[in-house]
Amino acid sequence: MSDHNGSARPADGKSHGGAATSGSYTINLEIFAKRLKVFYSHWKENKSTFWSNVNAIAIGTPPPSDDLRYLKSSALNIWLLGYEFPETIMFFMEKQIHFLCSPKKANLLETLRKSAREAVGIEIVMHVKTKSDDGSVKMDEIIRAAHSLSKSAGSSVIGYISKEVPEGKLLETWLDKLKGSGSTLNDVANGFSELLACKDDIEQTCVRKAANLTLTVMKMFVVPKLEKTIDEETKVSHSTLMDETEKVILNPIKVDVKLKPENVDICYPPIFQSGGVFDLRPSASSNDDKLYYDSTGVIICAVGSRYKSYCSNIARTFLIDANAKQKKAYVVLLKGQESVINSLKPGNKVCAAYEAMVAVVRKEDPELVQYLTKSAGTGIGLEFRESGFSINSRNDRIVKIGMVFNVTLGFQNLMAETKNPKTQKFSLLLSDTVIITAEKTEVLTLKCSKSVADVAYSFNDEEEELPKVKPTTSGIETFATKATLRSDNQEMSKEEVRRQHQAELARQKNEETARRLAGGGPAPGDGRGGGKTSTDLVAYKNVNDVPFTKETMIYVDQRNESVLIPIHGFMFPLHISTVKSVTSRQDNRTCTTRVIFNVPGTPFNPHDANTQKNQNEIFLKEISFSSKDSRHSSEVVQALKTLRRLVASRESERAERATLVSQERLQLATGKMRPVRLSDLWTRPNFGGRGRKLPGSLQAHINGLRYSTSRSGEQIDIMYGNIKHAFFQPAEREMITLLHFHLHNHIMVGTKKTKDVQFYAEVMDVVQTLGGGRRSAMDPDEVEEEQRERERKNKINMDFQNFVNKVHDQWSQPQFSVLDLEFDQPLRELGFHGVPHKSSAFIVPTSGCLVELIENPFLVVTLNEIEIVNLERVGMGQKNFDMAIVFKDFKRDILRIDSIPSTSLDGIKEWLDTTDLKYYESRLNLNWRSILKTITEDPEKFIEDGGWEFLNMEASDSDTDNSVESDQGYEPSDVQSESLSEEDDSDSESLVESDESEEEEAEDSEEDKGKTWEELEREATNADREKGDESDSEDERKRRKMKAFGKARMPEKRGDIRRPPKRSKF
């Protein structure tokens, strides 16, 4: 018996109470009964349409084989029984199922009798064949039974799969018996194709796991392998790459996929093609030619894997120094595949998807239609190619929920404009596994990117042939960057590619912003709720609660949180929250106590409901008392301050907790499900309070994480559903290894409300050497100490890694699939230094965020929440520049990262471009608060003026090289003019003060350089007269003269007409 599930378990991989067992094999009786009922119902309801009006169906499975083959007979065995039963004949009739097989198989199949009878009222008849028996006598018995049951129905019509050539003596004899039986034989392949097309939940889970393995192998092994091969310029054959990839598929742990090796297999040997020889058929193979990756080269990679016999597939095309024709063809192919996927919706015909693809290709480039593949893919499942659901122009079958398709299309043998025989012809291929659901068409292999930015590689192997270009000098100081290439020409081509991609992103971003602004309403994730609501402040509910005092002096009632103040001989009660501040001043023998109250109109006064609803009343603003008892005055002041601080702290915490979103209850892992544990951790933020800080342990339970210490009350619960991002950062150059969780909703840690919770362990102790002299690097004690530190760091990193892997296993369960959780790891090679808050920090991108997790406060920016990025103070010989991040929620303040070294500029631009984030460059810092206010007040004008293109420095420079407007671009109408901004310089919101004279002289031309003081004074006077500034004071004019004189003496390079960088007042 051939176990295609790879184990002695049912198709869903679980043990069930209703399972039939024989030896090491188990048949899930529940699944068998359910699917047998589906089979007979489908046969009865579609007898004339798909099953050719047959009265019986004969299925024979061939002997075992090491070759990869896909047969409908084998697929039916696996679908119905969980295994393929080689050399077994199944004969389905309306009231009976006959099995002809060996004794061992018969013992296992005997257990199906009860389930078949209860499910569809069918009897199972066994025909046991010994090794020496050819089975012909048993075959005659089956055919006689078919004839006897079909006499009442007329002639006997038997269905079989005509395209499956019989293998082995048993099947050859069986086919001869059928042909000589006198019955009509009709093909029923269409019936089985329709029956197996819609996958149930168990089958969909298998397909998803297979697709996850396929895309992970492509993303984590194939792509890095190709990049390393090309980067190191090593020679490797297609067949070698095929063998290495196949080994990774058969051992999923190599790419951190938690699937048992016995449950996985390849769909076909992995395909690698390059060097002008391409075959886009599914039966293609990898030859022994070397991988070709020279300029204008094309590499096609296809990988398919199976999980419990269910198939998945992915194919990607990689372009090396592609020319314009290759890139255009790839973009058209990408749009064509998207049209196919979008057309595969429940209720549509399969041919509609192919027609949509042809229409898109014809619209984009009619010449490419003739090079299209004849189909756009097929159905996929237990068979790699479900031919009944081929996506072509003739297939009018209906797409249904639960179907799975291998959407595969390409261009075959396109001609490139090159003389190299290995690049004259090229082909393109894209393939993805998609599943049809009620909500959408889900692409299971989407996480392996196929965008042009990710598959097009730019290299330069022809620097010897390129002419040397003499660099031109300019007034702008140049800096070395990370991405320095080997020639100036290649640098220009790379920059041009990036510029074209940024132009496309600008168009998409403006369209997206226009749609969002046209929709109106607050942007998601506003987070700016209404003001804090407050209940009425009541000192005492009735007169009897007021404490009695013998003397008319200030009395602090700690119990009722009130203060009794004597006014005209009466004790007047006030709640402590009405007190804003209290001070005491001693003058000679008299001590004056001054109490100031919260009243409307006071600066920085919290306008709660009590003051707002009584605005028309008369309020007591302050009151002073004089006393000769300085000791009593001091005690009163101290008591008031203490009580006010306690009440304010309590109310603040209560308000914080009131805004918290209620979380689900943590389900503890008990019994056999022992929680995953990581010990000796510290947390940030800490619990606060007094006493020594204690380390704790982090445990992963059923639906969340719990951190706790040995001290009661110190506990943090983090629900999996509340985790927005999870990060794992092992210690390399840092002193700590950490796990960081960025949450959707705030939680309380001690008395602090936070969205960021971090657990860390210190990898080395802070030790101070008390000895006076320095120790030698060869000192044995020093070497031993360093070795211990390395071992400690490696051990802690490994412990954290094991914890992360185990938690990943939990997150891979079906109930957490909708959360899409995984631990992200910072990409240090893309990191850069900057100042996000008050101090410099090393900021690192991850796959979906921009983070800084060492310094507090932490920085976590979600990339898909970013609208645009503006790089400010770029050029002009600056050593640093700033980054302004504008979020899609315009009510959210922008994030500034200041003082980024200019050496990181090119690397940041490359990273932003590869993550599809639109960025702009400007020479000045902009007043973003005013800009966003203007946009939200008049979004239509913002869109009419070109959207974000007012930030495009290159477009502005093309209009005028010397105008201030070219630096600032789009200027909001409510922003003050430059002349007014001079007078309001102190109130400006610019981060760096601007020089007033430079504001006025922004339009100085090249002719101004080197002029005398008198000439500049005369021009300034004329300019003032034209602007109507004759009323300026003498001091103002003198100040302008001095500024102009200073500028005239400033040494400048010829040809550089731009001003020194400064921040604008916008």
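Glycine too: its Cβ is placed from the backbone N, Cα and C atoms.
As recorded in TrEMBL:
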- 27-192: domain 'FACT complex subunit SPT16 N-terminal lobe' (DOMAIN)
- 505-515: compositional bias 'Basic and acidic residues' (COMPBIAS)
- 505-534: region 'Disordered' (REGION)
- 518-532: compositional bias 'Gly residues' (COMPBIAS)
- 554-707: domain 'FACT complex subunit SPT16 middle' (DOMAIN)
- 832-922: domain 'Histone chaperone RTT106/FACT complex subunit SPT16-like middle' (DOMAIN)
- 953-1066: region 'Disordered' (REGION)
- 980-1007: compositional bias 'Acidic residues' (COMPBIAS)
- 1008-1030: compositional bias 'Basic and acidic residues' (COMPBIAS)
- 1049-1059: compositional bias 'Basic and acidic residues' (COMPBIAS)
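Across the compositional bias 'Basic and acidic residues' (505-515), DSSP assigns 11 helix, 0 strand, 0 coil. Under 8 Å from some Cβ of the compositional bias 'Basic and acidic residues' (505-515) lie the Cβ atoms of residues 867-868, 916-918, 939, 943, 946-949, 952, all in the same chain and six or more residues away from its ends. DSSP labels the residues of the domain 'Histone chaperone RTT106/FACT complex subunit SPT16-like middle' (832-922) in these numbers: 16 helix, 42 strand, 33 coil. Confidence annotation: the domain 'FACT complex subunit SPT16 N-terminal lobe' (27-192) carries a mean pLDDT of 89 in the model.
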